[in-house]
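Enquirer: To start, I am sharing the structure in question, which I have written as structure tokens.
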Amino acid sequence: MLRAGCRAALARRHLSSAPEGLKQTPLDALHRARGGRMVPFAGWSLPVQYGRGHLESHLHTRRHCSLFDVSHMLQTRVYGRDRVRFLESLVVGDIAELRPGQGTLTLLTNERGDIVDDLIVTNTAEDHLYVVSNAGCADKDRAVMEGRAAELRAAGGDVHLEVSGQRAAGVQGPSMAQVLQAGLPDDLTKLTFMTSTATTVFGVPGCRVTRCGYTGEDGVEISVPAGRAVELAERLLGCPEVWPAGLAARDSLRLEAGLCLYGNDIDESTTPVEAGLLWTLGKRRRTAMDFPGAAIIMEQVKEKPKRKRVGLTSVGPPLRPPAAILGPEGTPVGTVTSGCPSPSLGKNIAMGYVQAAHSRPGTTLTVEVRKKQHPALVTKMPFVPTHYYMAK
């Protein structure tokens, strides 16, 4: 039931309806050879799970280590002396304060204060910023960035964008450091959460290793030359600790960690304040109010939002979007945006938006599932402890 439920949820929420014209990652043949069940996702063909199933894959990642194909993510390099000014004209984060090799999660916003995408931006030790965007937002993000870059250049600014041909793999789980250190010339203990380095990985040069991920575990994402991606993946999967993992495990892992999925939990109808992502707003940026939608966002900070993103736990049938969340009087107070049975906890977890008056952890609400009402408890996120390798 768990595995079938997660597969069905992925199909409903993220997958396109037809396989024609799908892009393939360099690891496509490897996935198929290892029993990956391929599905369409954001215009790409990607594995949803492997023969061992979603439950085993999820738990293996929590206990050991898994390899995820994230080649569908858009990777962009931003060059030029005005690259920081360019990016800060689009996002809410303090890019200027990033040290060489340091990155941050930030939000691309519009003039209404809505979230256009969530990005990871790294100030590389080289001469550029490295930006990773969601695959489903790739065309939109490119148009926004290229449009703004053209405006800056027309005004005499120096900025240039280069879409990277590199692909990417995520290595996630408590065994990651042991596995990866064997193939790195660098001391991995010096690479803390949200820092990045250009290096060679298991003999493959031209890689970028960033200590981050989408599971709540210690992990890295490796940007690798497309022509060497299979070689690197095979080296990693040659380690007994490393299993291949698919979209189903990635989704349940990120939900347990309380991480947002763009298009479900955040989109162009939500603001950073409503989403509980106020921490992404740099202190200097709040004062300067020089990012898109700043007036609206800072007004919400002052007056408090009318709705908030919350976590929910329940027993019984899984809570799936767009299930209605009901208050004590049986009136609608919100909507579920993500949900699945938690392999780690053995109960249902979900996130959604509710009226602010009903957002306090410990509040009992009701969720309507197949025309029946089931109790759900507002629960603090993350649902399971995270294990990021933080700087001491």
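A Cβ is built for glycine as well, from the same backbone N, Cα and C atoms used for every other residue.
The following feature annotations were taken from Swiss-Prot:
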type	residues	note
TRANSIT	1-16	transit peptide
BINDING	GLU221, ARG250, TYR388	substrate binding site
Enquirer: Run through the Cβ atoms and count how many others sit within 10 Å of the one on ARG250 (substrate binding site).
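Expert: A 10 Å sphere around the Cβ of ARG250 (substrate binding site) contains 26 other Cβ atoms.
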Enquirer: For the binding-site residues listed here, GLU221, TYR388, which shows the highest count of neighbouring CB atoms within 10 A?
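Expert: For the binding-site residues GLU221, TYR388, the Cβ with the most other Cβ atoms within 10 Å is GLU221.
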Enquirer: Whole number in angstrom, please: the longest C-alpha to C-alpha distance across GLU221, ARG250, TYR388 for substrate.
Expert: 16
Enquirer: Hey, does DSSP put GLU221 (substrate binding site) in a helix, a strand, or just coil?
Expert: strand
